[in-house]
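The annotation transmembrane segment is assigned in Swiss-Prot to 4-24, 35-55, 87-107, 113-130, 134-154, 242-262, 272-292, 305-325, 330-350, 364-384, 386-406, 462-482 (among others).
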Amino acid sequence: MNDFPWLTIIVVFPISAGSLMLFLPHRGNKVNKWYTICICILELLLTTYAFCYNFKMDDPLIQLSEDYKWINFFDFYWRMGIDGLSIGTILLTGFITTLATLAAFPVTRDSRLFHFLMLAMYSGQIGSFSSRDLLLFFIMWELELIPVYLLLAMWGGKKRLYSATKFILYTAGSSIFLLIGVLGISLYGSNEPTLNLELLANQSYPVTLEILFYIGFLIAFAVKSPIIPLHTWLPDTHGEAHYSTCMLLAGILLKMGAYGLVRINMELLPHAHSMFSPWLMVVGTIQIIYAASTSPGQRNLKKRIAYSSVSHMGFIIIGISSITDPGLNGAILQIISHGFIGAALFFLAGTSYDRIRLVYLDEMGGMAISIPKIFTMFTILSMASLALPGMSGFIAELIVFFGIITSQKYFLIFKILIIFVMAIGMILTPIYLLSMSRQMFYGYKLINVKNFSFFDSGPRELFLSISILIPIIGIGIYPDFVLSLASDKVESILSNYFYG
């Protein structure tokens, strides 16, 4: 059963099925939409089935592994495999992409191309999470950028070309560092290139060289995460992109950067990570405060939510930097948690825009009476974003706190200072999120406008909102469901460190 190429099928299926849509006769936008949704649902069911029957949670080693010779000339292999670190992100990718496709129903212009790009992005993201070969990881990383650029450049606001150009300059520029790191690591210390991640995990390097590799990978993943000061592409991109694209960006794309930090920087380069972790922790703490302070000054609704994403990614960076079992588990839980919360907030921001055609918060107000369902869902998900107890964000941030407290690597005074600054950031978070809700839904601005009337959530939008809310509450009540997937892998990664 395990010899069956599950992962190859899971990676190749979305882009292959999407390609058929481009060559088949155009049957109307509705056919394209339902075809894409059926592909996404089938892919998600296939992934879930493959993992349920073949993945063993108590095994930290690579499972469902596939190893095929691909290009003889380069001695290049198609290596796939999953472990506790990648299974959660792959399932998150399937879930969010399916809902984003359903959210994209209002898109009518170039519908075939739009849905093909979403499916191509789907393949690239799953390929990145399941690659066990460093060069294959890089190829999948780059494959995923092209659909994102086109989705940004062709569908969105008035400044979409500017934001798409900024996105590609940042990400393509950072990919140069990723490629240099991949080639450097693969060519070091052997006559033949070594690209197998399992072999590279046992490789040791001179200190200076390991630091150089670490910095190269860190720059690449810092842009994607994003880590300040390499975050400035994110608010512009979210501000202009169609909200279904924003769901994919916030829900999955940002998580690829955090995944790369754990998979490559932390697992392959433990000595350099141990040296850089105090600085990363300081940067993560500053990021929480900076984003929480900058967000209230944003007039654009989606830009304000984008800065909340930057703030939440700070907790992931701190968890990764703590080099402890609770810290890293908390970071992985926050990756999954914010994937749901970020996607949900952008979806609700987009549905609000579909009704009032306004993007600036100071022009909104008084919508709560007319659209009570959207108001209720937005309020609940804002509470999830500010880490209300019972929601997934609360337990993730709490575990990260425990990770800092239990870390033996840092002095007590340093830990107290970090926790104090993080606490200030957590106080600022409700201020900008509740202020955002107040500006949107309370007051009388739109009610006093002549001919003011718009409809509340329909069945599709309500289904989408509830579908994302269920896992947020589910993880908040029973986080062990997610934590149990990665716990053995986390212990395996931390066994390379002297602190734990």
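One is the number of the first residue shown, and numbering goes on along the chain from there.
Every residue gets a Cβ built from N, Cα and C, even glycine.
As the structure is a computational prediction, the values presented were derived from the model and not from experiment.
The stretches the transmembrane segment (305-325) and the transmembrane segment (242-262) are in mutual contact, each linked to the other by at least three Cβ pairs under 8 Å (pairs 6 or more apart in sequence). Outside the transmembrane segment (386-406), and at least 6 residues removed from its termini, the chain residues within Cβ reach (under 8 Å) are 281, 312, 315, 318-319, 322, 324-331, 333-334, 336-338, 340-341, 415, 418-419, 422, 426, 429-430, 433-434, 471-477, 479.
Within the chain carrying the transmembrane segment (330-350), a Cβ under 8 angstroms from the stretch's Cβ atoms is held by residues 85, 88-89, 92, 96, 99-100, 103, 238, 242-244, 246-248, 250-252, 254-255, 258-259, 262, 301-302, 305, 308-309, 312-313, 315-320, 374, 377-378, 381-382, 384-385, 392-393, 395-403, 464-465, 468-469, 471-472, 475, 479, 482-483, 486, 490, all 6 or more beyond its ends.
In this chain, the transmembrane segment (4-24) does not touch the transmembrane segment (242-262); fewer than three CB pairs sit within less than 8 A of each other, excluding pairs fewer than 6 residues apart. When Cβ-Cβ distances below 8 Å are used as the criterion, the transmembrane segment (35-55) is approached by residues 1-2, 6-7, 9-10, 13-14, 17-18, 21, 63-64, 82, 87, 90-91, 94-95, 97-98, 101-102, 115, 118-119, 122, 126 of the same chain, each at least six residues removed from its ends.
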